Each structure stands twice: as structure tokens, then as C-alpha cells.
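According to TrEMBL, the protein has these features:
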TRANSMEM  13-35  transmembrane segment
TRANSMEM  47-66  transmembrane segment
TRANSMEM  108-129  transmembrane segment
TRANSMEM  135-160  transmembrane segment
TRANSMEM  172-195  transmembrane segment
TRANSMEM  201-221  transmembrane segment
TRANSMEM  284-301  transmembrane segment
TRANSMEM  313-336  transmembrane segment
TRANSMEM  348-372  transmembrane segment
TRANSMEM  378-399  transmembrane segment
TRANSMEM  419-444  transmembrane segment
Amino acid sequence: MYYFNLLTKFFGIFNYCEWTIISSLLIANFVNTITFNCMDAFYPKEVRLPSVLFYLKFIILEEIFLRANRRQMNTGDIGIIIGIYQISRFLIAPFTGKYIITIGTSKAFFFSLFLTAMTAFLFGFLTLLPNGKLFFWASLLIRIFQAFARTIFVISSLTIMAQLFPSNISLLGGLLEAFAGFGYISGPVIGSILFEFGGFITPNLTFGTLMALTGIAFALTTKLSKRKLNKLEEDKENNKNSSEEFDNNSNNLKFISKNNKICSNNTCEFSKNKIIKNDFGKDGLFSIFKGITCSFFQAPLPEHLNSLNSSSILIGIVYTIMSISYFISAPIWGLLMGINKNKCQHSAIIVTIFGLLLAFLSTFLMGPFPFLPIKKTILLIGISFALLGCSSAALYIPVFQLCSDISKNKSTQEESTKIYAFLFGLVQSSSTLGSFSGSLIGGFGAQNVGFAWTCSLISFSHFKVII
């Protein structure tokens, strides 16, 4: 009965018109994520493996290095192509957050959807290029455009959420991340089925077309929603007893389609500089730690698991556990913060601390810690990955609410959305910096001190942040 009342309360938060817009954003996030995840999994050459479950992202990345010579590319070239994505997002995100309101969030969102579709089409046609430098430079350029499209998409979608539903940003952020997690889980599986039927081009063309159709559907949905609100607004003029909540939602929906100059440059620059100096430090730190936590194991873990002589399917299942855990826990954290924000002003900080504790425990067991009297097993690593997915969500979802709180406290209502977009651009930049740093730390750490000690160092760094 408690969960039924909780779900009833959840679905009653928004009206039909608002749910239409939210659903469009969630579906777009799922399709966008599945498109990028599929592209990563099948680069750079058709790879036929015996099991669908073996088409998991990190297994395929390992296979990439083994087959690089088929495209006359060495491991350094492959590393550059994989790494340029995170570096590009790190550089692009702050500028996107700074100027996205000036450009217009709806325009930026539509642009990101169609740019994603274009990169998917181009990625599919890579297989037609000859081996050598042309293939390398074409791949590199497409990866940069992928980073550009993904960065704009994430920041614009969350900014639209902040504009329309500023009081429920943690709840909706959790839903967005849940759909992204579902995309990470289902992308390789769906892509592998399409790959079996039509080869390398088929999944990319399919998801690219789906992404373009999603953009068209979102444009039509937003237009119909605006028409409905405009009609209600006309009725409101004849009935002055209409609710004040309608005014806010109607004005917010109009706001996302305009290129408003919502504050003077001097005022905004002063606010941004002050926020970065005084308030953004903890949000940036949490984002960096989330990035490190989700990436440090990518390079050394395959060898760590192979030492157990486990089957490929079992190893593949272990890799999916984190995504499943993230997919399940992200909306729960968002819902808990959304419901309890009035009862507890520090709910975001509490969830973050809980996330750090889970990250400490998961990485402590992943090695495991060398002095623990337990042996490394698939079951133990699977449990650590389940905890890691839950901790990653707990570290990331509260950042939405923390950024929203900062923007509300430091600015007028009109300025708050612009500052929120700017802050979330910095969050994206910090997260990608953490991902890039985590890959380096994990690779060099495992090479010099071993994977178990690397996990232990990562584990105690989380504990240090809590203290």
C-alpha cells in the first residue's frame, strides 16, 4: 500500500500536458544513449562473436585493440579515437552551458538530435572507407561531432527541465538518468541483433533514423503542448480565478523557445565568477569522483576477470550489472530527494554521502583489498559492480538539485536558468575530466601496483572525501 501511494503521488505531480513533454524528453534520452552506445560497440570493424551478451561495450573495446591491425591502425591510434570523445566533451561543455540560453534551449535540443542522427549515418558508412589514414581521420572527426552532439543534448535537456520544472529537477534528473541507463543496457543487445541481419551499417542507419524521427516527434509534441497552453491562457483571461501554477508553467514553456537575454552581461559574469569561487567546488568534486569511479576499472578489469578462467558470457553479465543497478537506483534517489526536499533541506548532501560510502565499499570489494581474508570471485565482483552502479547514481543525481539550489539562491528567477545551464556545463566538464583521469589512474595503477591496490586507493579516496 505504501508503494502504491508513493506511485500515485509521483504520477500526480504533473498534469497531462507536462507529462507529454517529460515523456518526449525521456524517450529522446533513451534513443540518444542507445545510439551512442551502439556506435561505440561496433567500432571499428564488424566483429562476429557467438553470443548476444558478448556484444557488451567493454568487451568490444577489448576486441578493438586485438583487431586494430585489420584497419592498419595501431593501439595508439585506437586510444586517440576513444579518448578524443571525453577530451572533446571536457572542452565543449563549459561553452555550451554558457551560451545555450542565448542560442535557445529548444533550438539547441533539436540541433543535438539531428546532429546525433547525422553522426550515426556517417559512422555506419565508415566501413566503406579504405584502410589507413583516411579511415583514422574520418573516425576522429566523427567522434568529435559525437561529443559535440551528446554534450549539447545532455545540457539542453536538463536546462529545459530546469526551466519548466525547477522544483522537481532531482526527480526528473533521476528519470533521465534511468532512461540513459536503460539505453546503455539495451543498446549493445539490440545493436547486435541488427548487426547479425545487416552488418555494420544496419544498426547505425536504424538508430540514426530513429533519432531523426524522435527529433520530429519532439518538435510536434512541444508545438501541440504550447497550443494547448495558449488556448488555456485565452480561457484564463475570461476567468481570473485560474490557478497561479498554470501561469508559471505557461510562462516557462514559452521561455524555452525564445532567445531571451535574461540578464545583463556584467551581472551574469559577476554571478558566475562568484558561484564558481564559492559554491561550485563540492559539485565539481562530486562529478569528478563519479567520473573516476565509473571509469578507472575499464582498462585493467578484463585481465582481472580473465584470471578467474570464467566464460565470456559470465564476464559479460558482470559488466552489465553496473548499468542495471544504475538504471534501477537513479529514479529512486531522485524520487526520494523530490519527496523529502521540504522535510529535509540537506537531502541532496545526505544522498551524496551515502553514495560515497557505497563507492568506498564497492571498490574495497572489487580488488578485493589485499589484506582482506577473502578470495577474488565472480560473485564478489558482481556484488561490487551492483554497489558501484548504485553509488554512481547517488553521486550524480544530487548534483542536479545542488546546482538548482545554487542558481536559485544567487540570482533572480530569470537569471537562475542561465546560471543553472552554466553550472551544469561545468558539471559535464568535471565528469568527463573524471572519466578521462579515471582511465589513466586505473591503467597506470594496475600496471605499477596491481589492480587490487588501485581499487583500494580509489576506495580510501572516497572515504577521505566523507571525512
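In case you wondered, yes, glycine gets a Cβ from its N, Cα and C as well.
Distant neighbours of the transmembrane segment (201-221): 20-21, 24-25, 27-28, 31-32, 34-35, 38-39, 42, 109-110, 113-114, 116-121, 123-125, 127, 190-191, 194-195; these residues of the same chain sit at least 6 beyond its ends, with a Cβ under 8 Å from one of its Cβ atoms. Under 8 Å from some Cβ of the transmembrane segment (172-195) lie the Cβ atoms of residues 22, 25-27, 29-38, 41-42, 46, 52-53, 55-57, 60, 157-158, 161, 165, 202-203, 206-207, 320, 323-324, 326-328, 330-335, 337-338, 393, 396-397, 400-401, all in the same chain and six or more residues away from its ends.
Counting Cβ pairs under 8 Å to the transmembrane segment (284-301), the top-ranked stretch among 13-35, 108-129, 135-160, 313-336, 348-372 is 348-372. Highlighted: of the candidate stretches 135-160, 313-336, 348-372, 378-399, 135-160 has the greatest count of Cβ pairs under 8 Å to the transmembrane segment (108-129). Segment contact is absent for the transmembrane segment (135-160) and the transmembrane segment (378-399), given fewer than three CB pairs below 8 angstroms at sequence separation of 6 or more.
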